[in-house]
Every structure is written in C-alpha cells, then in structure tokens.
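Database features (Swiss-Prot):
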type: COMPBIAS; residues: 1-10; note: compositional bias 'Basic and acidic residues'
type: REGION; residues: 1-22; note: region 'Disordered'
type: DOMAIN; residues: 37-267; note: domain 'ABC transporter'
type: BINDING; residues: GLY69, PRO70, ASN71, GLY72, ALA73, GLY74, LYS75, SER76; note: ATP binding site
Amino acid sequence: MTQEVPRRLEPSPFEWKGDAGPSVKTLRPHAIPSVAIDLASVTKSYGDKPVVDGLSFTVAAGECFGLLGPNGAGKSTITRMILGMTTPATGVITVLGVPVPSRARLARMGIGVVPQFDNLDSEFTVRENLLVFGRYFRMSTREIEAVIPSLLEFARLENKVDARVSDLSGGMKRRLTLARALINDPQLLILDEPTTGLDPHARHLIWERLRSLLARGKTILLTTHIMEEAERLCDRLCVLEAGRKIAEGRPHVLIDEKIGCQVIEIYGGNPHELSALVSPHARHVEVSGETVFCYALDPEQVRVQLDGCAGVRFLQRPPNLEDVFLRLTGRELKD
C-alpha cells in the first residue's frame, strides 16, 4: 500500500506557484557545465547601503568553493542571488549553465540546499520529511521511496527511518538535512554553516560525508565561520569584507602568501611590553586582549627572549587559515 505523503505546515522556498509543472527529471539542466557558478561584476544594495560591490568569481564543477567573511560581509545575500531569491542590481549570474534569476526555477532543480538552521518538520518522522521534500521537486512517492534507503545509509540514519525528528540529536538532524538536500540528486550543493553548533564527533562525520560527495563529482558552495572546516574541505575560497572580494585562492596558497612563517601565541605579562620584546625577531606582531600573536621570522630567537620572562607562557604552531582570515579582516568584533 502506498504511503500517503503528510501535509507540510510551512511553505518551502522550492514550492511552486500555480499548476503542478514538470517533474525534476524534465525540468533540471540536462548537461553538466564545466563551470557550476559564475558571478560577473555583481552588485546589490539595500537602500543606500551596498552589500555586494562588484563581485566576480567562478566555481568549477566538482570543486568545493568557500565563501568566508565576517558578519555583514554579504555571504547570505550572495547565496540568495545564486538561488534566484534576490535580484542583483547589476551584473550577470549563471548557475549550472542557465541565467539567474530569469531561469532560477530551472537552476534550482539541480541544486540542494542545507540552510544554517534546521527547518525540518519536527512533528514528522524521518521518512515523512524526505517524502514531503521530494514532492517539491515533483517526484512521485514511488521515486522518493526508492531513494530513501540510500539517503539514510549515506546519513547513517538507517535505524531512525520511523523516528520523529524531535527525538533526534543535533548531529542527526544535520545529517538528515544533508540527506534531504540530496533527494533530487543535485549537481550543486549550497551549504550554509553546515556544522555550526555540533560537537567534534558530529562535525567530523559531516566532513567525511561531504568529502564523499566531492569524490562523486558533486559541486559544493560552502559558507562557514569555522576556519578548520574551510581549510579541510575547500579547493578554493574567497574572503569577503563589506561585499568586496579581498582575497581568493587555495587555502594552503593563501596561508603561504599571507602568513608564511611560524606563529607564536604569547600569554601572560604585559602584552605591549611583550610585543616590543619580540618585534625585532618578527615579521608582524598583533595584540588581541591579553594575547600577543607573533609571526616569527626567527622562532628560536623569540623563544630565547621569552624564556627569561617570568609567568609568560607561549605556544608555537604552524600558520592556519584563521590567521589569514584575521590578518585580512581584523580582530575586532563585527556585528
């Protein structure tokens, strides 16, 4: 007996207006282009405030491309424009080979979205959530039921198929949201802060699942504030500030170009006195609160200087993407 699809209580951004229209099989782009996303000189303002300012970048098919930036940098607006939910003031956007927003409906049939906050139907079961979402792509109940086992296996939720979403852990909900985004076998995944709020075990499982999708040829556009996540997953990334691109490249290349030396974090003592002490042996020194960040040209000489300072602790480490991000955007809080 065919299971009845439950009624969803809230509208979906993928819900069509008017007639039923064609199914996902007939509406999605047929050919897989070599460039999944192309933005050319895109601008967008809200009132007198520009939020995206002459932005251009391309995302190649099969790569993970990261959008990094502080709050207010324009990441959410860029994502909405790529989905055709916000119209740019100027510039050209092409997604999966079709122009957006003029043919956003067609582009969205090849896109899966994992939003920052889970919008699952908590009163429905895992299976029911997938059944409901598949209908937004005009998939039949039989088609959806056919892919549910593989999606749940991918998300490691095989034994939760009939569990209510309200009974799932935070990590399970995120994995279900990822599985739901794959219901239409999309060419492109847009992930907004996919592991925010998860414990390390759940976060690493999501990363492992995302790497498996990249190995299968999926394209990922990732926005995140977790620099380790971007460094681990992204083939290339773009750093934004105030709607402008301030850096673009491969994570390890940006680390070499922008930092290029060992970092010594110094704690205790007077930070300004410590900064003056190590500056002769440093490429760059930053003070943030009670911590001194020394980008050391000669780490051994820095350690020699610090060894004579009572009560001072320090940690020497390789540079990372967080160092690049903070160097480019500053250490002050941005709301």
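Note: Cβ is positioned from N, Cα and C throughout, glycine not excepted.
It should be emphasised that the depicted structure is a prediction, and the values quoted were computed from it without experimental measurement.
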Within the predicted model, mean pLDDT of the domain 'ABC transporter' (37-267): 95
Cβ neighbour count within 10 Å of LYS75 (ATP binding site): 23
Fewest other Cβ within 10 angstroms of its own Cβ, chosen from the binding-site residues ASN71, SER76: ASN71
Conformational class of LYS75 (ATP binding site) under the three-state DSSP mapping: helix
Chain-internal residues, separated by at least six, CB under 8 A from GLY69 (ATP binding site): LYS75, VAL239, LEU240, GLU241, THR329
Check: same-chain CB within 8 A of ATP site center, minus GLY69, PRO70, ASN71, GLY72, ALA73, GLY74, LYS75, SER76: LEU240, GLU241
Three-state secondary structure, which DSSP defines for PRO70 (ATP binding site): coil
Binding-site residues: GLY72, GLY74 - member with fewest neighbouring CB atoms within 10 Å: GLY72
